[in-house]
Each structure stands twice: as structure tokens, then as C-alpha cells.
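Trainee: For reference, TrEMBL lists these features for the protein:
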COMPBIAS  8-18  compositional bias 'Low complexity'
DOMAIN    275-321  domain 'EGF-like'
DOMAIN    395-435  domain 'EGF-like'
DOMAIN    528-587  domain 'EGF-like'
DOMAIN    623-663  domain 'EGF-like'
DOMAIN    775-815  domain 'EGF-like'
DOMAIN    851-891  domain 'EGF-like'
DOMAIN    928-968  domain 'EGF-like'
DOMAIN    1007-1047  domain 'EGF-like'
REGION    1-36  region 'Disordered'
REGION    1056-1078  region 'Disordered'
TRANSMEM  42-62  transmembrane segment
Amino acid sequence: MASRGAERAPLLAGASRAAADDVEGGAQHPAMIRPNHRSKAWTTKLAIGATLVAVGALIGGLTTSRNGASGSSTSLSSWLAGFAAPSSAEAREGAGRPGRDVKITLLTACSPHDMIRMNPGTWHHRVGAKVTTKDHDNEMAFRMAHHLREDPLRCGTYTGTVRLRAGVQMNFWLYPIKNDANETLVYDEQFEFAQSDSGCRDEGKGGGGDPNWDRCSPKFSPAPLALVGTGTNDGNCVRRFDVYYDEPDPGHETFFNRIYDGRQTTFVWGSCGNACADYQPPQCPVCAINEFVQGHRCTPCPPGSTHYAGAQPAGPDSQCAPIRCGPNELVKNHECAACPPGTTNDQGDSCMEADSSCDHTLCGIHQKVSNHVCVPCEPGKENAAGDDAFGDDTECTDIVCGSNQYVRNNICRNCPAGTTRPMGDIASAEDTTCIPTYCGEHERVSYHVCRACAAGTENAAGDDASGQNTYCEAIMCGSNERVQNHLCVACPAGSTSPSGANAAGGNTACTPTLCTEHMRVVGNACVPCPAGSENAAGDDATGDDTTCDYGICEENQHIKNHVCTDCAPGTHRTAGDITTSADTTCPAILCGVNQRVLGNQCVGCPLGTTNDAGDDASGSDTECDPIICGLNQHVISHACVACLDGSANEAGDNAALGNTDCDVQMCGTNEAVESAVCHKCPDDASHEAGDSPTGGDTSCDDLYCHVNMKVLSGACEACPPGTVNANNDPVSGGDTTCDPVLCPVHMRVQDNACVPCDAGMENAAGDDASGKDTTCDIVLCEENHRVSGGACVPCEPGESNEAGDYMLGADTTCEAILCGVNQKVSGNECVSCEAGTTNDAQDDASGDDTTCDPVVCIANQYVTENTCASCAAGTTAPPGSLANGDDTTCAATLCATNERVDENHACVPCDPGMTSASGADASGAPTTCKAIQCLANQRVQDHACVSCDPGFTVAPGGDASGDDTTCQLDKNAACQTNQHVVDGACVPCPPGTTNRPGDYYTGEDTTCDAVLCGAHEYVSSHVCTPCASGREALGGADASGDDTVCGDPIPATATKVTPESAQDTYTAPLSKSGSGKVTMSIPGDPGAPVGEFSLIATAYGAEIKQDVRQVSWYAWRAASRSLNVHSQWDRSKSQPWLQNANVAYLFTLSELVGQGIVVGMGDHNTRLHSLPWYSGSSMKTLPATQSYSKKGLATGAHPVILINTYTPNNWPDTFVCNVFKLSTKGGTFRVRVGRADSHGHGWGDNDIRVVYAAFKPNAPSLTNDILAAGEIQLPKPLPIGKKTFSNVTLEHNLNRLDYQCLATVRIDTDKDPTRSIAVECQAGTANTITFMAADLELRAWDTYGPDVFVSYMLIPLVGAPVIKPDHFSGVPTIVG
């Protein structure tokens, strides 16, 4: 810093410095040399000054001013030549001026409009622009400036051609158009609004108060370019020039003029920039609503389209967006009109297209049309679907209840079980009730149904079927009764039974009466056997009559006194005499023919002898006479046999002797040869004549018996009684037999004949009539028959009965047949329902015919062969198809865009990063989604393709379905760190300047930013170097400029500042119109050097939104600083915030530490990161342990720590700070810091630092400074959505709204946290405040291990009652 003595140098020094500045191209304020009434005096001073300068030059020359050409000297002649004013011709024609003609453009859209003193009106045709250079006019006066033409279509843009050379001083003028005609003095009162962007920073200090000598008028100071490099402007196109003078009073002034770099062609008034984000100044006319920009003119939007108001005509062409109609609107004459009543339409019709129409609304089932609206039917009424709401009103019809239904609340409901009601109730009328069913005799209630008592049980009539179940009682049989088919019947004759048999059980039997020995059964009673007979004990009196066994005499026995006696020898009797009959005798045996008596027996006569019949065998022996053969007989084996036909013999041959022969003779008719003899055929046979006895044997032909005869011993004999023979048996075929007669059904055997059963009796077929007599059984009725008047009669149609009713018993009844499920009554029969229909059980087959109801298919069922079948996977069908109708089909489900068909034939979303076209058929085979392939210069972020940041690149083909990818620094297209663009090439930044990577060498030239040294640093060879011990320097020294030095310690200017003034809070509004992040400047001086105060800030939103803004400080100075606010909602900085926000911030002085409330402040000299560029994957840094004082804290208590980051540099990055590993014993904690405003990038700034302040949690001491300070735990995010946001609401009893909120997140862990969590205060009320938190990288943390707390402080805007919060409970309590 120059000494005060140097500032008060004599006239010679002052003149030499001014001259040297001018000679070397240093700045000369445009009004430094005034061609007015002061010019003569000035010329005189120049002459004197020249003389003195010449003297000074003889002793060593002159040095330039401290901001002139360093170390250079100049000759008096050159200095005087530089002061020579150009002639009028030279000024206007540019004769002899160096440089080249350059076509330039001047922009004003992003100029510092708040520094323009004139009233620009609507700007266009109201504000003119000029340019002048030092070469053109030494004073760079307005009247000598070159006119720039305003672009007729681009408001606020001016162009012109001017001669320029590198390093020349230049400035731009803005002026009201009305002043252009009188270009005289720059600062005359009447033309004071012509304004240059170059000039003074401070109001003039010389001239003795004479405004004509005040070169730095307060009306135009500071000039816009004078503020470049102070944090309120940008660039390094400005150079400082000092001017010293001695009249009217000695003094000096400092000017800041624009320097032409030899390349720039586009300029911004009041700035070093060469481009603007906007296209025109805010005062310029903009397009009205529904106007768009076309060829830099506001053009009405085509019919049916719209455009927001405010489009800038100076900008590029824009387009109108089609007006999209809302739900239930149609397009009519390019406007949205409401659909006619009774119609609807989906939203989205474009008003730019032809008129559209609405669809008629078709009412659903049980709806009607009322004033073109589908409304529900009145209670108790119904209507089919399909009424057209566009048409006339419709009506619903009454619902008529069916049989066994009643009305309750206008609904037909089934009668309760056990009750009935006839059909016909109207559901829209009053409620009705059902009538209980009362059971008849021998019926019981079983689950509300009257059912017949079980066989063998009984019950009285009158049981209520709507009530509980009832039961029948068993029937108990009397004495000599048995149970048969659950009936008590009398025991059969001849049997007995005790009383008490249970008819509900199985059949029982009576005990038969068994006769004793020699007794028989007669009429089911036991009687003695007749004389001469006997019987074994055991005859069953219940059966048929029995007989006693009488003796039957054998052959040759007779009866004598009921005893069988042997006949005398020679007598005999046939067997069969019975001992019960009278005595019999044995007649004598009379021998037969050719028999004789021998020992009282008849024996055959010897061969060849004979005897007549009649010899009495009971008498003496008798003899036989010899046989004398007759004519034509001869003896063969002692027998007289006729000679064969054809042979003869005389009579007289004695058969008792040997054989004799006949003469041969042929046999006659009915004779056959047997053993060479002609024999006469039997009566039942015949034969033709002519057989020769001498030939072989011949035979006679057989004869046959009649029907019902049999052959016995070669004769036909009648069949025995009870047998028959239907055949004509041949007599010669041997003995035959007759078949027994088998009686048909219901007949019995009596005397070997079949006779009918008695009435009420029956018998199975098959009794053998040839045997003993048989009996018939009692008749039981068949199934589906009943007893009526002693006969079994068929049941009525639709009725049934079990078999077994006793035909001769009491009359019985049949029961009505109740049809089963899915049956109906047809002709008194239960028949199956037609295909596709259904019916409940219990239809009465004895009544009228019934019908089945159609089966109605539910949703996603179709009809096939009259059956409702489930739709195949991947297909659907509406409900309501009738199964008794035609077959229906299911429609295939077509998947939407970005959906695929899975193995279950369902449409499921594609996995993140995958895509598919619409229309996939879910009924077919599974489909797949294709991975989204990112284009060139697109990277994968959260499975989406996003553009690389400027200066970064990546090859095409990134798979969005995979992991996130990163872009690489494009070394071929962008400059590296600390490089900038000059004439299409990347060149190193000048010493003492810096630049981020990413400047494209294909674009316009860029510049590097000056490195500003921090507190206690000085500039040495363009490097910021720490001061030596005991020396210090203010921060902000420009490393691109001259070397600086450290000085003695500067006394603090705020040592007496009271805590009240040091802890003021401020709020600054931020607009959500910005995208991603915004920056702003914070005024105010804490009254202490950098390093002696903390400044904490937190974003404060008015509503509860999932949008967390983080605040960081940059351009940190003692008297001013800027902050950057970045939204976690949109890390790409491409979308507006979800709501506006304020920033609450708090100054805290180091002198307050240990005074009862402030227990620690940050180390402001600790850099977290000192590399020029950090591009690693890590998004965090863990700085050295921070310390705080434990003074004033209760044992074991930890403070409320509020924390931010800051940098003295001008790079507005944003960081999230989290406190962890907080030690109450050692008074230390650690900090995790993560960059919040650029996903996937490292840190560009090399000087990020932590600023914090630690407070007592109960904040008891300083009046009205702190309302509440404490901690409250954050819940983990709910496991829905992205699971990255969490919030908690603090309830307090402040009962006031005039407070602000500060907050920091503390992670309760001693290990390095694996994430960073930002927090914002939101939605403060008189009794609540909400803290909204989000993960830095928008990751899920619902399962994150450590507990997370919000350290908070509520601060008043104005005076407030004293508040003492409960210790770390988060609930403040009023104590005074």
C-alpha cells in the first residue's frame, strides 16, 4: 500500500504520474481534459508542469504510478506528445490511427440494469449506444463517440464497425435518444443521463468541491466496470488508472477503463462478458400471451394453440403449443367446449386439429337417465345397462320378488330358512315378511326344513320350521309284536315276543314255538302224533303243518298190530304199508310163466323147458315140462326159435336138448333178421320183407311216445303227477324222464298242481309241482307304491315311497320328490337343467313345472359348450355372458408401452433402463424388454440416459439397464484445468489465474478467473503465500496482479460489539423460477476480520415439500460474501424448485465463545481440499477433528452444532455437511462433507473450508437471541417410492411466527458415515416446524444403520420472550 506521503506528492510528481499513465496507455477518465472554460487554466498548468518535469527528467527520469507500467520510465518529449490533443479531422476520420476495423456487437440484455441512471422506457428506439477509444479521442468523450446502430429486430443489441487495436482503452455509452442531437458536454446537467460503463468506483475527492472539477461525479459513481473483481461483476477486462492533480486543490482520482484484448467482437455494456443468457433487456417489449417469436417478431399463435406471455422477440424463434382440451371437452372451431350433456371425452384433444366429438355415455346396469346424467335406479327398481344419457330420460322398472322372497329396505331377500312367501312382492314398496312353515304330523324340523320322521319314529304336528331343530320319538312295540321295516307288526302264528321293541331300530324277530318229541304242527299248534307214528322234538309252530313220521314197511313185510312183520316163505307184499293203518297180509307168490317152485321160491325153468304160470311158492316144489318146438321152429341154445324167413322145420324139436337147424326161408313184412332168424318187429317198430335169415342181422325202425309220456322199459308211460315232457321220446332210445312243473310267480303247489296264492299273499316263481305242497308269503308293496284299501297302488306323479309297505295293513302315503341342485320339474319328474343354466335344490316334483336360471359368467370368464370357463392367462372378458347362449371368447390383453409379458401372461413394467413397444399380446409367449442404448455423450444415471456435463464425453451404447456410467473429460474437445480458449486453441491461464476444465476450443474465446488470496496470505510471483508469523493481510489479494506484502496486525474494529448486534438474523428471498440452483449476495459487515466470526445459513421453505435446498458460502470476505443454494430435487439443475424459499443466516462472533451460549467456533484456516482438481469417485472428505469448548455445558451434554462450508474463491459449489463422532468427553467432533450440486463429479475448488458454531442446548443466557436449541431424531424413510426423503415435525410452544430456523444433520456414529444427508426447515407455524431431510445422492436409506438427528435452532427476527428448551427433547418450555 502506498504511503500517505506519496498521495500528497508536489505538483511535479503528480503531473509526471498523470503524464506517464497517458503515455503508456494507462487509463485517462473521459472527462479528464475538459474543452470548456477550464481549458485555459489547464493549459497553463501543463506548461508549468512540463518545465518542472524536464528538470526532474535531468536527474533520473520519472517512474509511473503504482498502477501504470511497472518499473518503466518515459521521456518528456514522449509524455508531451501523448498529451497532444488530436485535431478535429483526425478525430473524425481516424487518420493515422493504429489497429484494424472491427465489426462489433454490443449486448445490453445482461447488463447491470440497476446501475443505469437514465429511464430507458421501452428501450427500443429510446436508448442509443456509442463506442469510443483512447485512439479515437483522448478523453473518450461522449460527443466524440462512434454511433452504434440498434438492430431493428433485436431490442437492446447494437452493431457497428470501429477501428481497434489490442490494449487500447475503450468504453461504451448508453444515452436517451432525445439527447443524441446535442452531443456537447458529457456531464452537463441537461445531458447527465448519457452514461459510460467505464469510470470511477468512488465519488471524486478533489476539485475543492467545484462540480466542474469533480471528474468522478456522484451521479455516475461507481461505474459498472469499476466494480469488476469485487464480487459483483465478472471478468478481467478492466484496468485501474490513477490521476493526480493540484488545482483547484491537490488530490487524485482512480479510473477503471475497459481494455481491448485484440480478439473480442461481442461486448456487454457494464460487464466483461461476451454473451448473455437473455436476449434483450427487461424493459424491451415482449410478446403477449398467445404470441410466439418468428423472425424476431411477435406473431399470433395459430388457432387452437397457445404460448406463454413474455417471449423475447430478440431471441430465437419459438413455437406455440397446441391447446389440449380437458376431460369431457371437445374441439369446436379450435376452442375447447364442454361435451353435450350425456356425453364424455378423454382429455387431450388438440385444438389445432379438426373438430372432435364426444362419446355418448351409456349407463351401467341398474342406472337410468335423468337430465342426461346416469343416476342409480330408485331403491327397489332395476334397469338393464345401455341407456343412452344423450337421449331422453329413462325409467327403471319395479323389481318383483320371486317365490319365497320378501322385501327389506327395497331389496328382495330370500326368506329365512323355515319360512315362505308367495311371489309378487314389489321391492320398491314397503317391507314385507315371510310366513313361518309349520310341520305336519310325523314331521320334524331339520335346519328349517320339515322332514318326515325317520321310520319307526313319530311326532305331533305343529313344529315351527323357522325355529330350532326338533326331533321325533321312537315307537315302542307291544307284547307279541315285532319290528318289520320300522313298523310294529303282530308276531306270526306260532311265535311270541315281549313288549318294548324299538321300531326306529332294526328289524326284530318273534321267538318260534318248538314242538316236543312225538308232537306235530297242526294250524300253528303242536298236537300229538297219530298212533303208529313218531316225531322228533323241534317242529316250528310258525311254519306249515307238520306230520309225524309213520313206519313204512319194506317189501315182503305186512302190518300186524301197527308193526311191520315179515311175510311167510313163498309169500310176498310190496313195500309201502304204513304202520298207522290196519293189519295187512302177505299173499302167496305165484310163479310166472316158465317158473317153478323150488324151496318156496320161484325159480326159472331149466333151458329148453317151460311151465305155465300160477305155481304157489308157499307150497311144495314143482317141475317144468320140456319145450317141443313147433312147425318151422328149431332149437337154438335150448330155445325154440322160428326158422329164418326163407327156412322151415318140422315140429317136435326138444328144446331141452341140443340145437337144431331150419331150412332157409326169406323173412316177411315187419320181420327182421336177428341171429339168422326172421323175427317179427315189435308193435312200435316195422320193417320191409325180404331180409335173408342167412345174411347179417337187420333191424326194425323205431316208434315214438306222445307228449307228457316217457319211455320206460321199451314202452311209453304217462308222466308222474306234477311233471311234464314236451318231447316225443323214441321208444327204442332207452328210458326217458319227465321234467318237474315249476310254478309261476304268486302260485303255490297243492296236490302236485300250481294254484294261485290267497289274497294278500305272494310267492316267488319256481315251486316244484312234483314235490310236496308249498305256501305263499305276505305281500309287501314295491318301491314308489303305497297301500290304499288293502292294495298296493302307484304313487302320484312326482311322489315316491320306499318299498315294504304291508299291503294288508293301514293305508300309507307317498312323499313329494324334491329335486336336487341343478334340476327342475318337468312333467312331475326331476330333470337336469339345460346346459348353461342352474337351479337351487328343493323344487317339488309333485307340483307345476319349474325352470332353471341362466348361469351368468363373472369377469374374465367366457362361455364354451354352455359352461363358464376361466379366460386363459393374458386374456380378459367382461362379466355378464350367459352360459346358455352362444359360445364367447376372451380378448387378448395388449401391454402398454414399456411393458412386457411375463411367464404368468401378465403385463409387467419393464425393468429400469429397459423399454418395449406397446401391443405385446399377454396371451402369447413371454416377451422381453430391450435395454435402452444411450447416445453418444449420454451417461447412465438411475437407469436413464442423461447428457454429459459440458466438456465431458462418453461413447454411445451405454446400457441404461445396468449400473450407472460416467462421462470422461473430453480431452479432444475441451480444455483442461487452468486452460482457456484463445483463437480456437487451449492455452495455459496467465499466472495468478485459474479456470475449470471444460471450455470448448470450438467455441468463443474464454478467460481465466483471478485467484483471490485468503486471509493472512500475500501475492508472491502470482502465488498466494502465507504471511510470516506476526504478520497478516486482508483476504482478496489478486494473484494475477502485482506482488503484495503482509503488514502489521490490523486492530479489530469490532471488539466492543455487543452480543445482541452480533447475533442478528437475516432472511433473503429466493425464487423457484431458477433451475437447480441459484446464487445471491449477502450484505452486512459483522464488524470483525475474517476468521473472527461464523456465518451459518439454512434454507427455509413455506410448505412441506420433498425438495431439500443446501446452502454454501463462496467469495468469503470480511464485509461481503455470496451464497449458493442448490436443490436436491433436481441434481441436473434442469427443473425449477418445487417452491420458493428464504435463507435464514446468523452471525456469531468468536468473542462470544464461553459466555454462556456459544461454546465453539470453526477453524477458518483449515482447507479440506487443496488439489487444483479432484475427479475421483469419492463424494466425501473427512477433515481433521474439530474442537469446541465444553465450558458451560452440563456433564455429558453435547452442544447443538450448526455448520456450513465456505471458500474465499469465486466458484459457487454447494456442499452438505454432517456432524459425526461427537465426543462430550474430549469436546471434539468430525465432519463429513459431500458435494451436492454435481452428481458424479469431484471438487473443482481447491480451498473448501468448514465454518461452524456450537451452542449450549438449553440456550439460557442471552436475552431474545435464541428461542430454542436442541436435537430431534429423524425417522427412517417409509419403504415406499424412492425412500430417500424423511421428515419430522417439532412441536413447540413459542406461539409466534416471527422466527427463523437453522438446522444441521448429525449422524450418530463413530465410524466414517457412508452417506451425506441434507436438511431444510419447512412450514413453520406458531407451534410447529418441520425438518425435511434427503440423501445427498437421492439414494434409499430406510435400512441405514446409524440413528440420524437434526440439530436445530429457532431464532427471533425481533424481540421475543425468554425460552428454555428441555434438554435435547426438542420441546421448548417458557420459563419467564
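Placement of Cβ uses the backbone N, Cα and C atoms for every residue, glycine included.
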Trainee: Along the domain 'EGF-like' (1007-1047), what average pLDDT does this model show?
Mentor: 80
Trainee: Counting by DSSP secondary structure, give me helix, strand and coil numbers for the domain 'EGF-like' (775-815).
Mentor: 0 helix, 15 strand, 26 coil
Trainee: What same-chain residues lie close to the domain 'EGF-like' (775-815): Cβ under 8 Å, and 6 or more beyond its ends?
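Mentor: Those are 452, 455, 484-485, 487, 489, 544, 746, 748, 757-758, 760-763, 825, 827-829, 844-847, in sequence order.
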Trainee: I'd like the per-state residue tally for the domain 'EGF-like' (928-968) from DSSP, helix first, then strand, then coil.
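Mentor: Per-class counts: 0 helix, 15 strand, 26 coil.
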Trainee: DSSP helix, strand and coil counts for the domain 'EGF-like' (851-891)?
Mentor: 0 helix, 15 strand, 26 coil
